[in-house]
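*Asks:* So TrEMBL lists the following for this protein:
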type	residues	note
DOMAIN	2-143	domain 'Sodium/calcium exchanger membrane region'
TRANSMEM	76-94	transmembrane segment
TRANSMEM	101-117	transmembrane segment
TRANSMEM	123-143	transmembrane segment
TRANSMEM	164-181	transmembrane segment
DOMAIN	169-311	domain 'Sodium/calcium exchanger membrane region'
TRANSMEM	201-225	transmembrane segment
TRANSMEM	237-257	transmembrane segment
TRANSMEM	269-285	transmembrane segment
TRANSMEM	297-314	transmembrane segment
């Protein structure tokens, strides 16, 4: 039965990713906004929904600390695993807006999160409000300054004339399929892992973090396969920003988030910062403004090292 859940989960993820990418391209045409911006807003919000729901549910049930593990682990997986695999599907050309705006904003939110947590081992409601307010300001600026891509990629001409109702329906189907697909996949994977003797602690650090990144993986890989790579990169950077500013920000506003596990500040958050920081040298060396298949492989290997340490040491 566990295998069936895994298979059904994968099927839903493929279906959800397809609908989400089609809706995103249609939105790009409809509102004359670049695909990078659509990826960083609409797609990122949809693929970050699992993290938000898990974290808010944890806060309301009296366990807000789960949110930090969830977000830090997911952000590591987004870059190391998801971006790595997406680049291995096909090299990703990087727009200048990535290192002039999007990457710096992601780093600012990441460093701000570290500062807030390091200061008193708690992400307070006020600090959560600051993160969320920062996200709103960033999104308003991003959308207002957005312009149509200069380089137009090949797309289905029919997507430029899709009705608003159909776009909304595609978004709803895509987001719902990604959510339930990731839920079923994680459920089946956890059941299989438990049956072969893997501890719940290791499952929590690894499978749950990967599981909440599965929607990003599905949306990004399908976007890359359809040559909509601007959506892929925008989705991943936007998702990491959403995870910190929206997921942790809103969760902390509901209930302050304490740091209950020392490895979050002693190790895990540095892995998150490291994976984020390494993107800049990666896109400039040796070939400028490109994340090649080889660079994608490097990211996946680094993520493999992280997971190896998680499984062998229990905690980092």
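Including glycine, each Cβ sits where the backbone N, Cα and C put it.
What TrEMBL says about a protein is an automatic prediction, not a curated fact.
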*Asks:* How about the transmembrane segment (237-257) with the transmembrane segment (101-117) - do they touch, taking at least 3 C-beta pairs under 8 Å (6 or more apart in sequence) as contact?
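*Replies:* Yes; at least 3 Cβ pairs under 8 Å.
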*Asks:* Is the transmembrane segment (164-181) in contact with the transmembrane segment (269-285), using at least 3 Cβ pairs under 8 Å (sequence separation of 6 or more) as the test?
*Replies:* no
*Asks:* Which residue counts does DSSP give the domain 'Sodium/calcium exchanger membrane region' (169-311) for helix, strand and coil?
*Replies:* 119 helix, 4 strand, 20 coil
*Asks:* For a three-state summary based on DSSP, what are the helix, strand and coil counts in the domain 'Sodium/calcium exchanger membrane region' (2-143)?
*Replies:* 123 helix, 4 strand, 15 coil
